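Okay, structure first, notes after.
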Amino acid sequence: MWPCGGRRQRRLGAAALLLFVVWLLLRRFNWSELTPLGLWGRTLGLQTENSQFLLEGMPFRIFGGSMHYFRVPREYWEDRMLKMKACGLNTLTTYVPWNLHEQQRGKFDFSQNLDLEAFLSLAAKNGLWVILRPGPYICSEWDLGGLPSWLLQDPEMQLRTTYKGFTEAVDAYFDRLMRVVVPLQYKRGGPIIAVQVENEYGSYAKDPNYMTYVKMALLKRGIVELLMTSDNKNGLSFGLVEGALATVNFQKLEPGLLKYLDTVQRDQPKMVMEYWTGWFDNWGGPHYVFDADEMVTTVASVLKTGASINLYMFHGGTNFGFMNGALEADEYKSDVTSYDYDAVLTEAGDYTSKFFKLRQLFSVIIGHPLPLPPMIESKASYGAILLHQYISLWDVLPSLLQPIKSEFPVNMENLHLNDSTGQSYGYVLYETVIFGGGQLHTRNHVRDRAQVFVNTVYVGELDYNTVELFIPEGQGFRQLKLLVENRGRVNYGLALNEQRKGLIGDVFLNKTPLRNFKIYSLEMKPAFMKSLQQVSGWSSVPDYFVGPAFFRGRLWIEQQPQDTFLKLQGWEKGVVFVNGQNLGRYWKIGPQETLYLPGPWLKKGDNEIVIFEERTAGRIIQSVDIPYLGRTQYVD
């Protein structure tokens, strides 16, 4: 028999052990401490019960932030994640852009900056859970809302419906995508705790069977985690699907908005999937900013109700290349290259006042110190860069591009290119022969903007607002050239099916439709840009020259390269390439005046810069260490 002292010691020991286990459990399920790599015994996953989230049966709150791997150089993924943790967040949300992962039908790319598995695994390594938003439609101010343009080859295509041509394409894409996603789910040891079904479908709602189709497409391929939907207030009741938690998107917290969720689903936790920390910009408009104090006050009000929240965006990044989206409400407006968004971190990943105000708020909620914020990367000002050589577009055509011959104008997506998946982005040159001059009329068939030339002489521009142009009289037969730019497909609203680009129908001269075209694709892919460097005909830039033309220069860097910003004062409109990377568009109408150039895209020594300028070229560009995104206007 054990003496009483021994029993007491055993009881004290058992009590101490129990307290230690309870402490471990509490620590394990404290949202600020719980990490994907530190959790064992995964069976239940994220659940909803009595108006709260549970993870493995214990209370859990989602404090998330949005960051898109496809908008941030891979070398900076981890830095941005560490800053999320330092701000007090525990969950990362990201969209998945179908139009990057399957740029050509049936050819998938999950490599380099599109390595979704590496991105999600890195989130787990850095203690972040993941809410995945795989679409297929993502909106996100991204070309066609992330849908591949080759879908529009079908003249009867009905995007975001159960139209057979669309669902067959989605099925093939999900077959490949879910091979990456399924093993990274929570119950398989990964960081994904929830998956969103489509995106803001309540604002589209053209097919009552579509959301069920998308839900089943996910479930059939092995998605087992909590499903969610995401809509603004007006779309909430139309975007629901049985078996998925409805969440809401907003910037201003209207009275009763969160309670409105109870009218569409009872006894469920409240989640703000997109709390808009800023806003995006359009060419020709202001740079929108959202007051930091108002933002933090709203976040605090949301948290006070017990709701979970996701900050859209925590870090916006950049619409590199031709991937920006557009709006079409009263008129067509394309988005700028920067996706700074006036977010918590800047486009280049630097801290803002929003970061520190949010960090203070979250640290009070958590009750203990947060990780120290990582040091910011210094920026470089490399000074003036001389563009010393040029070659006219007209001199490039014979040696690099083979025209497609067609009696009728053909829209970009239906050009017989890229293994019959058409052209997605960039420019198309339409060339035909005319006799005499007169009135050129597009009947609104230009998408989105055309420069018009007779032979190589600039005549004027055509777009949505200008549909007529006078062609001067001339002797004999002459070449009429229309250089048409796809400025970005609309990514939100009811006009998605009408986003074909180039010439989408007949163009008339004196009421006679033009025929017999030579059509040149100017998608400006890496292979084209590489070939451009080898073509003969480059010459010194004269004192004055009018494009369209390519210009090139060199940036020599002595030390380890750093982020910088390129300022194109004196240039009119075009695209910048650095070491083959497409930085995106510039346009003198603003608001954006600098293009972000990430340090990892530079190298010690010689760096090649190529600019495609549509009209008026400068002689130099400036590398500066501070971005300028334009005159600001506060979001109302």
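Placement of Cβ uses the backbone N, Cα and C atoms for every residue, glycine included.
The shown structure was predicted, so the numbers you read here are calculated from the model rather than taken from an experiment.
TrEMBL annotations:
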type     : residues : note
ACT_SITE : E200     : active site, proton donor
ACT_SITE : E274     : active site, nucleophile
DOMAIN   : 52-363   : domain 'Glycoside hydrolase 35 catalytic'
DOMAIN   : 422-523  : domain 'Beta-galactosidase 1-like first all-beta'
DOMAIN   : 548-607  : domain 'Beta-galactosidase galactose-binding'
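Calculated from their C-alpha atoms, the gap between the residue listed as 'active site, nucleophile' and E200 (active site, proton donor) amounts to 11 Å. Secondary structure of the domain 'Beta-galactosidase galactose-binding' (548-607) per DSSP (helix as H, G, I; strand as E, B; remaining residues coil): 3 helix, 34 strand, 23 coil.
The Cβ of E274 (active site, nucleophile) has 25 neighbouring Cβ atoms from other residues within 10 Å, across all protein chains displayed.
Other Cβ atoms within 10 Å of the Cβ of E200 (active site, proton donor), summed over all protein chains shown, number 22. Mapped onto DSSP classes, the domain 'Beta-galactosidase 1-like first all-beta' (422-523) shows 3 helix, 54 strand, 45 coil.
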